[in-house]
């Protein structure tokens with residue numbers, strides 16, 4: 001019957017659209033990253049380009065503030081060595097953060113950087129950073145963590161303060177089974 | 001299938017109109033659009049009571065400052081579950097139930113286009129909500145991170161996440177199948193002489209709603225799947241330590257979430273667009289503009305999602321864009337409000353219960369719309385964000401909007417479903433009781449929000465005590481009024497004054513050409529219908 005065929009056609013098209021929209025939902029993930037990279041939204045820092053570095057002095061300076069926090073899952077202390085620095089755009093600078101493992105276990109952490117305000121973030125790039133790799137700290141170990149950065153000479157003059165912030169996360173995320181075990185252990189104690 | 005067919009499309013022998021015998025055959029295996037519509041409506045009503053009971057617990061705890069009755073974690077479970085159950089269990093299935101019952105009869109179709117899938121899309125729902133509700137009895141309790149399921153909070157609550165995710169998947173599958181069915185029915189099953197612009201507005205709004213459902217329910221399914229893999233398979237979609245971003249979830253969620261709010265309100269627009277012309281005894285003013293306005297609202301709903309998240313820190317340009325795009329929705333919505341008012345202008349109005357609920361809908365939904373425009377303003381939204389002002393706003397549009405329209409629709413069509421008139425006096429009592437109490441319940445919450453009371457918190461500063469007490473009293477009264485509504489519906493189904501086929505003096509539409517109660521099978525011959533009986537049938 002013709003009507004039945006037409007109904008099946010609508011069904012097929014509808015299901016296809018539904019499946020495609022699931023795909024669209026997942027496609028939003030890379031799309032979001034790309035948009036953030038291009039616009040600097042979300043404080044993702046820029047990539048160093050040749051015109052960023054300039055030998056001749058730029059006639060204005062920028063104050064860079066440093067901030068460090070640890071996620072509640074990570075038993076570390078973490079702070080910048082100096083809280084702010086006045087820098088000339090186009091020149092390389094170096095600073096350090098201090099991290100200490102205050103727990104009785106060895107823990108691996110991963111730092112995630114963010115620059116505020118958003119408009120400034122694409123003009124900020126790091127040439128060396130502890131956030132590029134995972135950091136292992138033994139129990140009680142303290143470590144200086146270096147950052148080398150450059151503020152692009154192209155940075156607009158109306159931006160005179162920017163903040164570089166790191167959040168350290170626990171990289172030893174327990175697997176589900178381990179969490180279960182830990183939960184059971186706690187339960188038994190009670 | 002051999003049925004006696006008469007020329008007006010109605011099987012004329014009521015004594016044996018081919019209803020299957022036995023509970024399992026009649027209900028569990030049914031493919032009849034009227035039976036499935038009834039199942040949807042009963043299910044929605046049951047969920048409305050369950051979600052309402054949770055709301056009562058919330059209002060009980062908030063009756064006074066301090067912690068009296070429940071633990072904070074249980075309170076958060078209640079706010080989360082109340083929202084999930086009301087959105088996915090009560091409002092959406094209620095509209096699908098109305099669609100099942102009314103759409104085939106309104107367009108002269110014998111049934112929905114895909115009847116067996118129709119059965120399936122209903123019977124998935126009880127399982128979805130059994131799954132979701134079972135978390136209440138688990139160690140760690142039900143999801144407590146809010147119905148928006150924002151990570152990382154929602155992932156920190158134990159294994160209810162898995163149940164939540166799979167329940168959402170099932171609800172999504174059910175809605176998508178229901179939506180495809182509605183589209184196929186409307187596109188292929190219309191009587192041969194019924195064109196798109198002859199269709200009642202309820203059919204039109206549902207057609208557009210169905211497209212929204214197909215477009216966004218899969219996106220929600222994708223988002224919750226990412227939550228699931230983040231929790232159990234160590235992916236990092238939303239985990240910052242692994243390079244993901246929690247804000248991404250908010251974008252994906254609200255890409256679903258904003259169309260979702262129109263999924264819950266467009267069919268309500270359709271219902272009141274049927275009722276107001278009937279009791280104003282005038283054709284709907286601006287029928288075509290209503291259709292275009294509905295389509296415009298649906299389109300705009302896809303491009304405004306980030307107004308739910310002004311406070312995440314967006315660049316100025318994005319804030320401005322989302323602000324203006326959101327305010328633009330007020331234009332087509334204003335067209336609709338204007339048309340409803342113009343329909344009543346110089347009409348011979350009477351005020352039966354469905355009309356009263358529809359009038360309350362127009363006025364109170366507009367209040368909710370206005371507070372929506374206030375929140376569209378990015379700078380002031382930073383103050384309103386996550387306060388009781390938001391709670392007041394979305395309850396005005398969902399309770400006095402969607403729920404009032406559903407109640408109006410039930411009063412309007414129940415004579416057609418049951419063959420009995422409801423008791424008008426009890427209906428009017430129900431209306432005034434509900435309307436007064438719902439305003440006592442939600443209006444003070446505007447002031448609480450503006451004064452800074454945050455939502456989803458079981459305790460509050462003493463300065464908020466009086467408004468909260470009023471709000472709770474209104475809440476209990478409104479809850480009780482809905483128990484009274486069950487009694488009215490029960491009484492109407494069991495007996496009462498016999499309804500005529502026409503039921504309402506001013507009603508137009510094919511559903512009023514069949515007897516009351518509507519026979520099990522209607523419009524079986526796929527033949528042309530009498531366009532003069534349709535509100536928008538005449539082609540001048």
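For all residues, glycine too, the Cβ spot is worked out from N, Cα and C.
Predicted automatically and left uncurated, TrEMBL annotations should be read as such.
According to TrEMBL, the feature domain 'Cytochrome oxidase subunit I profile' maps to B:27-531.
Under 8 Å from some Cβ of the transmembrane segment (B:39-60) lie the Cβ atoms of residues 27, 30, 68-70, 75, 78-79, 81-82, 85-86, 89-91, 93-94, 96-98, 100-101, 122, 125-126, 129, 133, 403, 406, 410, 441, 471-472, 475-476, 479, 482, 486, 489, all in the same chain and six or more residues away from its ends. Feature annotation from TrEMBL assigns transmembrane segment to B:39-60 (among others).
Summarising the annotation, TrEMBL assigns transmembrane segment to B:80-101 (among others). If one looks beyond the transmembrane segment (B:80-101) by at least 6 residues along the same chain, the residues whose Cβ comes under 8 Å of a Cβ in the stretch are 33-34, 36-41, 43-45, 47-48, 50-51, 54-55, 58, 112, 118, 121, 125, 128-129, 132-133, 136, 142-147, 164, 168, 171, 175, 178, 182, 202, 206, 209, 260, 263-264, 267-268, 271, 398, 402-403, 406, 409, 413, 417.
Here TrEMBL flags B:122-142 (among others) as transmembrane segment.
Residues annotated as transmembrane segment in TrEMBL: B:162-189 (among others).
Look at TrEMBL and you will find B:201-228 (among others) tagged as transmembrane segment.
Annotated transmembrane segment per TrEMBL: B:248-272 (among others), in sequence order. Within its own chain, the transmembrane segment (B:248-272) is flanked in space by residues 87, 91-92, 95, 98-99, 148-151, 200-206, 208-209, 212-213, 215-217, 219-220, 222-223, 226-227, 237-238, 290, 294, 297-298, 301-302, 304-309, 312, 336, 340, 358, 361-362, 365, 394, 397-398, 401-402, 404-406, 408-409, 412, which lie at least six positions past its ends and keep a Cβ under 8 Å from the stretch.
Feature annotation from TrEMBL assigns transmembrane segment to B:284-308 (among others).
Annotated transmembrane segment per TrEMBL: B:320-342 (among others), in sequence order.
When Cβ-Cβ distances below 8 Å are used as the criterion, the transmembrane segment (B:354-378) is approached by residues 265, 268, 271-272, 275-276, 278-279, 307, 310, 319-320, 322-323, 326-327, 330, 333, 337, 340-341, 384, 389-390, 392-397, 400-401, 404-405, 407-409, 411-412, 428, 431, 435, 438-439, 446 of the same chain, each at least six residues removed from its ends. As annotated by TrEMBL, transmembrane segment applies to B:354-378 (among others).
According to TrEMBL, the feature transmembrane segment maps to B:390-414 (among others). Under 8 Å from some Cβ of the transmembrane segment (B:390-414) lie the Cβ atoms of residues 41, 44, 48, 86, 90-91, 94-95, 98, 101-102, 261, 264-265, 267-269, 271-272, 274-275, 278, 352-355, 357-358, 360-361, 364-365, 367-369, 371-372, 375, 384, 420, 422, 427, 434-435, 438, 441-443, 445-446, 448-449, 455, 485, 489, 492-493, 504, 511, all in the same chain and six or more residues away from its ends.
Look at TrEMBL and you will find B:426-447 (among others) tagged as transmembrane segment. Proximity of distant same-chain residues to the transmembrane segment (B:426-447), defined by a Cβ-Cβ separation under 8 Å and at least 6 residues beyond the stretch ends, is recorded for 59, 352-353, 356-357, 360, 364, 371, 388-389, 391-392, 395-396, 399-400, 404, 407, 411, 467-468, 470-471, 473-475, 477-478, 481-482, 484-485, 487-488, 491.
Annotation comment: TrEMBL describes B:467-490 (among others) as transmembrane segment.
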*Other than its close neighbours in sequence, what residues sit by the transmembrane segment (B:284-308), given a CB gap under 8 Å and a spacing of at least six beyond its ends?*
197, 201, 204-205, 208-209, 211-212, 215, 250-251, 254-255, 257-259, 261-262, 266, 269, 273, 276-277, 314, 318, 322-323, 325-326, 328-329, 331-333, 335-336, 338-340, 342-343, 345, 375-376, 378, 381, 535-536
*Would you mind listing the long-range same-chain contacts of the transmembrane segment (B:320-342), meaning Cβ under 8 Å and 6+ residues beyond its ends?*
269, 272-273, 276, 284-286, 289-290, 292-294, 296-297, 300-301, 303-307, 310, 314, 362, 366, 369, 372-373, 376-378
*What is the pLDDT of the domain 'Cytochrome oxidase subunit I profile' (B:27-531) when averaged and given as a whole number?*
95
*Quickly jot the same-chain residues contacting the transmembrane segment (B:201-228) by Cβ under 8 Å, restricted to those at least six beyond its ends, or write none.*
95, 98-99, 102-103, 106-107, 149, 151, 154-155, 161-162, 164-165, 168-169, 172, 175-176, 178-180, 182-183, 186, 235, 237-238, 249, 252-253, 255-257, 259-260, 262-263, 266-267, 269-271, 273-274, 284, 287, 290-291, 294-295, 298, 301-302
